[in-house]
């Protein structure tokens, strides 16, 4: 989230697209309700009518996988009808920047495409620069090749009729939504976009989110209270686990993993690659070196490039993401798997295939509170023949969140502490303890060896006490960072150095753990202004609550609205003051040429309406899902041209003649993720005890399905049986030239626990987004019949 | 002491069901899992181990709009409570909070309260004593009277994040209910405050989005005269004449008569 | 511990005087019912604040536990986001502890076996580290095309979204910086 939960109350309009907060983030509704009570308009855009839709002022149905069409039309409407925030667009975004002539867009394709590799040469989308390397601009926004004009032209194709023919939305309602949300483009108004996995789990997922961001930028909704692009994250610490680099391509603090690329041969070369010439990321060398120092301690010196070569280097250009793990497992390239609270047999795409691939493992370690479908994939109940599965499985019982202590980071980036309420149940242990004990034992095993593998492990600086139970305060210190010589904890990431004199396990958290304090433990709930609660817990970075808050003030540093003061320039004091920690240099005043550059993390300091960061193009363009019921109305390019395919055997594709019904998966209020925790909680199992699919009365009638019937859902990947939930809340999509049915189903179920049921992910395709490789769980094709 | 009531503004409910499990958590109630209902609703209605249930009603309004109506269903704590009148053992009484509670020590499990409840919220639970012998007790929402005694709100109200459930001073709440009613009339023209005067009002008052019948609530419930006569006249008289135990037997005959008589007034379960 | 929880009084009922508690049948059987009747269940317990383990709203929860059991959980009234309220999942975290389905001992499944065996931690740790070392040593790539790469592609790591930050930090540090894994992923990817 750019903003945070309490901040939602300040919105004049809230568009929920690809999320269902009433069910999946219920307490957010405490604040959404407050916004509505003050006259704010809640807009629910969703393939199905959910509990959120019922609470909304407006509901628009959209076909799964058509967000870019929907938002593209809204961008177009705002531009054509002059609803956009002109001052903001002209000054705080890159609308005025002029793009190279090599950029073009024709019939669904941008310039620079290479069909063989399914990649673009992004240099063709570069900005024009003068001899000194300065970007050329046209402040009048009239130049035909300036971003503003290119954007306007691109989205002029997204007229309401074409859009609604693709999305299946009622046109009257669509226009109403364009007007209502577009009205937040007025100076002083605020609109927020709330999204979750309904936005991301598509082959165009990342571009969906970029489309939301572009709309918010042109309406001047970023950086202000009640605004923002807000990802409603699904797990208590998926924010933290991402911050701490538990993805193949990131180390902590969103910095790159070294690769085999030539430039990465030396630390210097690597730093040159990851450090831009302007923007806050110019400090990357300080953060990276401090991190290496935390990893390798005394074994990280200037002479050995701060231990850079102990870090594993991944193959340049190779994708090591979730689905590719199972591809590799299928090819018998992976011998062992370690799972910390993870259940891919229920949560992974095309999960029966992923389960089959696990049979190729030599060993598996599962750390969890309850038996999972993954840790028991070898059992008869799983459809396996135990005798033929040679995988050795070790299950380590973990304790729950209140049987240990530590912090989690919520969607609003608040790092909050959880104290231990009771000793861990039975012999279960905290994950912290388990990892610590593994590390100590492994170090012991490698102690006397001289292989490169042993040296890496020996170099690792593991300083959390000499007992089985690690000292969590030492871990906090390690995350925060300290001066290597004086051992004093660092106050702010601004104090980190690139010479090996400081450490920082995760620079964005630096400052949460100053000497003698842990700011994550703060419990002062006094509202310090605009519900930012600056003395409650700690928000990264630097306790800042609303990101890009410089943009809450106008060109002179005055708040756009007196009702929504983020930060303002105080000329007398010569600094930024207000209700938040400035996301800007505190004393940078109007004399500074970059005073009006609010997006400090970006090169050039502006919000990017046009960006070459993503793989399929500088503007989001609608492409149909991998499996789809109609041809693309916007171009002759059916499918995202930059999507990379994985192992063919893992990814059978269904066509609409055999599978004419659109399917989507989702979560319920009463269960969580793969259900491991909630399906084992009796009171929750009681609330939703059965796997079901939601289908419309029309489709039920067509298929002869009656209330409470069991049905079979089939896709190119497999079949599952579930109860039918026939509902008026599902309506067939009325598309351009045909009517298409759709169904929805929760993905929480499996065969273990108290509440059991068929696993929806046995049906989902094994294909992912062109940038993030997140699977396309949200839009695929199926057929339905009575069981 | 000022009168307090529980107020349920169904138009603020987002159907999260925290109230259902908050009740189980505070009152240590076991699960009572039901067969798949064909809808997201977990229980057909409240039962002995599930003292409140969120009902989900897919409703097409007279002007052709669709509304998914949620309602927190639980004991209304009637001011004139049929269960209290029907109880032959004086096990049911009103507390100073207006809550209607069942004294488990006095309850003999005869079930007249369950049969006669205006809103069908009382049910018998079966237990076993240490010798394995079964016995029954009538069960329902207590309005968390034990929490009220400690100055805490009912568990369901405490959990509710949209302020659909409120427990507060009666006059204040009813005044706010009127304001709220006028606000929601545009979307819900049939909205109304449900505080039936035929039973002298209830200690749980609803703001309903639709007519009571849409939620399976009786439009104008009354405690039948026969039942009042039974409780206030026949029963004390009978007790004096035959003693307590025998009265339950006599009661059985009369209670059946009452049930038949009150059939039209009884609140049925919600139909989804 | 710096956790200044105030047990906030939600409601002041003017003139509330001690009266006989309404006795209701509370337990699942006679025995618990007897034990509980007439006693305020959280009377002597000091609550411990925690944050909900489910979604990312980050609601505060108070855990009322005695030495051996979690007796009750409720929304933290001092928490600025949820202000004492919770959803159905947050409300029932008590049963994450009390659920009879919790696994409380390490378990081992031998290759080809059709059942779990309960084992002790030493046995389990021993198996895990030996497996890691054997696979890693066998598959470890020191150099690739002349570049020092120090990695293994034969072990996959999954998980983290349900862990604490401190745990994520140690996991990242051990599995990437110490063991050289390339396949490190978690729920954010899916």
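The count begins at 1 with the first shown residue.
Glycine is treated like the rest: Cβ placed from N, Cα and C.
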Further binder of [4Fe-4S] cluster 2 named by TrEMBL next to B:141, B:144, B:156, taken from the candidates B:13, B:16, B:23: B:23
Additional site residue, B:19, B:117, B:160 [criterion: listed by TrEMBL with B:75, B:78, B:83 for [4Fe-4S] cluster 3]: B:117
Environment of B:75, B:78, B:83, B:117, the listed [4Fe-4S] cluster 3 site - residues of the same chain whose CB lies within 8 A of the CB centroid: B:76, B:77, B:81, B:82, B:84, B:100, B:113, B:118, B:119, B:121, B:122, B:140
Short-range binding-site residues relative to chain C, from B:87, B:144, B:160, with Cβ separation under 8 Å: B:160
Chain residues in Cβ proximity to the domain '4Fe-4S ferredoxin-type' (B:4-34) (below 8 Å; excluding those fewer than six residues from its ends, i.e. six or more beyond): 40, 42-44, 47-54, 56, 68-72, 74, 77, 97-98, 141-144, 147-148, 154-170, 173-174, 177, 180, 184, 187-188, 191, 202-209, 215
Nearest of the binding-site residues (B:107, B:144, B:156) to residue B:78 ([4Fe-4S] cluster 3 binding site), judged by Cα-Cα distance: B:144
For residue B:83 ([4Fe-4S] cluster 3 binding site), the three-state class that DSSP assigns: helix
Chain A, Cβ under 8 Å: which of the binding-site residues B:13, B:16, B:107, B:110, B:117, B:160 qualify: B:16
Other CB atoms within 10 A, centred on residue B:87 ([4Fe-4S] cluster 4 binding site): 28
Neighbouring C-beta atoms (10 Å sphere around the C-beta of residue B:23 ([4Fe-4S] cluster 2 binding site)): 26
Integer Å distance between the CA atoms belonging to residue B:107 ([4Fe-4S] cluster 4 binding site) and residue B:16 ([4Fe-4S] cluster 1 binding site): 34
DSSP helix/strand/coil residue counts for the domain '4Fe-4S ferredoxin-type' (B:4-34): 13 helix, 6 strand, 12 coil
Distance from residue B:113 ([4Fe-4S] cluster 4 binding site) back to residue B:156 ([4Fe-4S] cluster 2 binding site), taken between C-alpha atoms, in Å: 24
C-alpha spacing of residue B:144 ([4Fe-4S] cluster 2 binding site) relative to residue B:107 ([4Fe-4S] cluster 4 binding site), in angstrom: 19
